[in-house]
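Copied over from TrEMBL, here are the features:
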- 72-89: transmembrane segment (TRANSMEM)
- 109-127: transmembrane segment (TRANSMEM)
- 154-178: transmembrane segment (TRANSMEM)
- 198-217: transmembrane segment (TRANSMEM)
- 224-248: transmembrane segment (TRANSMEM)
- 268-291: transmembrane segment (TRANSMEM)
- 312-337: transmembrane segment (TRANSMEM)
- 357-380: transmembrane segment (TRANSMEM)
- 407-427: transmembrane segment (TRANSMEM)
- 433-459: transmembrane segment (TRANSMEM)
- 479-502: transmembrane segment (TRANSMEM)
- 508-529: transmembrane segment (TRANSMEM)
Amino acid sequence: MPFRPGFARRDTGADQISSPRQYELRDALKSDDDHVRVQETNADAEYSGTDFTYNDQQDMHRMGKKQELRRNFRFTSILGFVAIAMGTWEVVLSATAAGLTNGGTGGMIWMFVGSFFCFGSIVLSLAEMSSMAPTAGGQYHWASEFAPRSHQKFISYISGWLSTLSWQCGTCSGMFLLGVEIQGLVAINNPTYSPQPWQGYLFVILMVSIGLLLNTWGAKRLPLIEGIILVFHIFGFAAVLVVLWVLSPKNTAHEVFFNFKNNGGWQSIGLGMLVGQVTSIYGLIGSDGAAHMAEETKEASIMIPRCMYWSYLLNGMMGFVMLITYCFCLTDIEGALNSVSGFPFIHVFQTGTGSNAGANGLAAIIIILGIAGATSFFASTSRQTFAFARDKGLPGYKWIGAVHPKLLIPLNAILVTYAFTILLSLINLGSTVAFNAIISLQLLALMTTYAISIGCLVLKRLRHESLPKSRFTLGPLGLPLNVFAFLYSCFAIIFVCFPVALPVEAASMNWAIVMFAGVLVIAGVYYVVYARHVYEGPVVFVQDRAREDGL
């Protein structure tokens, strides 16, 4: 019988209870439908102000963390949250320029298939680690627990900076993409309109302000909103699909699946396709956003990994179907790439429906879902930033790592994310090329954190060292999947740094690697000057708690 990744039942018997407080929680849980509300008190601030289950309490206790955030996400709401944050089918439509240039329709389709299966190993590896340690810290926390003892502190610190960088850049790029899409719609409806960078910047401010509002005033309602948007995510997909298949002119199957382009000037089509895989990877990232919401999800050690792989499968299948549909309807690649809107998918909507009104309606679906996705990304970004600040990894960590006592959200980290997006978007006023590098920077930093955390897990497994108990396990497939995920992460990192086309000039260079190196220099200087004196890494809290419990 073939092995399938699955969930292990966690024993909640008396043999695992290590403190009188746990006995009280166990009795309360048994008498109150498996969850308990613990009010904020001075006597036991570790369990203040939130609903949580017994297993959640066990996980937070083992990791030595205080439960400060409100756990109001369940499976459906967190699935909607991550599915919208990934937004694969929406991204497949919105960000295809690099793929069409380097690969054409055939290249995009086959690279998406390859990327989906390869990236799936990363998702499964992250899902298993999220079950071992369900924390908002994500990759930097896992690196801290699994890295060799002598290097845990610095490896975790660098991973934390890169994770913060990638998520902050991801939020910024998502908001900017929405602003430019709105400008594209204005351009097709008003032939005299000439898009200006400052106008796009104002749209960014509008988009990120909506995200701020939903993540603060609407924080309590966010799970409900995500559940509703999940339905819209599915029905919006169906609406766009049906309209394009019914109304749009079509390419032949041979033109779709075997039309390969090498317009980037690379030595071969194969190399061009590898450069163009950035389009596929950009549409597949985001499932680890669930991990950063772990401290706001009930039964996180089972719900987070389950949500990660189900959202990945759901979005991957929808993205693949939409990509094939899009390629069948993309009858004029050159015209789409040179569209006045700046987006090939808007050109396809125009030619498919035969009117600007039809294109406006379909594009409106993409923009509404894009706002929801950017808001979800905003939330995950602020939680990751909060967690790293809580562990004293960022400047101003005391302020950034604070939780609002009434809202029970990391308000200051949310404000930092808001300000970062507004400031980083100023780059576009001076150079669109420089801003586009932010997307590559996001992928470069994120794939590096995957490689670091999974690499540490591989090393720990090769040394046959014990791992934390988890309710989701890869079993005997764990090591080979982890090794493949690590190698694929390193492979993808190389091509994320490539420019879109040759020859390369200062104006067309992919500046991501330069910005990446700059952030590492800043992180290194801060570490030498200050952080090494205060940052110890999450594993220290785990070890301290284990000593307290006599383990």
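Using N, Cα and C of the backbone, Cβ positions are placed for all residues, glycine too.
TrEMBL entries are annotated by machine, without manual review.
Counting Cβ pairs under 8 Å that are 6 or more residues apart, the transmembrane segment (109-127) and the transmembrane segment (357-380) reach fewer than 3 and are not in contact. Of the two recorded stretches, the transmembrane segment (312-337) does not lie close to the transmembrane segment (198-217), with fewer than three CB pairs under 8 Å once pairs fewer than 6 apart in sequence are set aside. Long-range Cβ contacts of the transmembrane segment (433-459) within its own chain (Cβ-Cβ under 8 Å, at least 6 residues beyond either end) map to 95, 122, 125-126, 129, 138-140, 142-143, 146-148, 155, 158-159, 162-163, 165-167, 169-170, 172-173, 176, 278, 281-282, 285, 424-425, 427, 467, 479, 482-483, 485-486, 489-490, 492-493, 496-497, 507-513, 515-516, 519. Against the transmembrane segment (198-217), the recorded stretches 72-89, 224-248, 268-291, 407-427, 508-529 differ in Cβ pairs under 8 Å, and the greatest number is found for 407-427. Spatially, the transmembrane segment (268-291) is not adjacent to the transmembrane segment (407-427); fewer than three Cβ-Cβ distances between them are under 8 Å for residues at least 6 apart in sequence. The transmembrane segment (154-178) and the transmembrane segment (508-529) are in contact, since at least 3 Cβ pairs between them lie under 8 Å (pairs 6 or more apart in sequence). Counting same-chain residues at least six beyond the ends of the transmembrane segment (508-529), those with a Cβ under 8 angstroms from any Cβ of the stretch are 154, 157-158, 161-162, 165, 395, 433-434, 437-438, 440-441, 443-445, 496-501, 535.
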